[in-house]
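Report on one structure; see the data block that follows.
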């Protein structure tokens, strides 16, 4: 009974982490799009604010004894810090230069890219049934995004780079937590300031720093409040991503990302009366079918692995 209770508590924690990630991820997509469109805040500067607020949030957490920092060699975190910069910058550039539909459609390719990377570089194997669940999920996202997709060359370049770097980043997050034997907060606590320093050096080469349109320019109070709010939400997004990947897997996190996409569309229809076509409705059902099938197969595989361990003499 104790093992069953422990398993239920563990599943409850994972469900809570997924729910938090769902809420903050949806919030930050629309909030960042609002900041780009209505305030014109520069992309890399906004990312830098996200990194700094994330580090400050973790600094406060460790001062409150929520977690204990663990000394880590900077060389072990260099590639992760670089990929973190690329992940956020290219994702935001994709969102800035594409419609939300195109942005989401590109993100759907992250899951198969992660599977390819883990198969080729980490010798991880995925059953044929698990691989087949990608078909309804990808088809569903394509149907959902069909009427909002407007291709442009620059947007597609940023989207493609975003998919590649995001896939590498998510694989490395899980790999580093296991390699260095650290939890999500301990890893992000050291990696966030490294990424902030890298971006601080790069920002002046791509965006103004002072004056009109610069990070230290004459922004309105409402713009600054929105940017700070975005930073606070980014802290929760980053922390929940690390926690989910550390406690599940990069593929599982991406499957959940497709579910978030469906919820975002449905929420827009219910709350803001956004049009929802029959094709999009079918796409949502198709995506949800793939996610539920993946979840069922993954749980079955885990139960099978546990049974083999118990039976082994």
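Cβ coordinates are placed from backbone N, Cα and C, and glycine is handled just like the others.
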153-175, 291-313 - the one TrEMBL records as transmembrane segment: 153-175
Matching range for TrEMBL feature annotation, transmembrane segment, among 119-140, 251-272: 251-272
Per TrEMBL, the range holding transmembrane segment, considering 77-95, 96-114: 77-95
Winner by Cβ pairs under 8 Å against the transmembrane segment (153-175), considering only 12-35, 41-61, 77-95, 187-206: 77-95
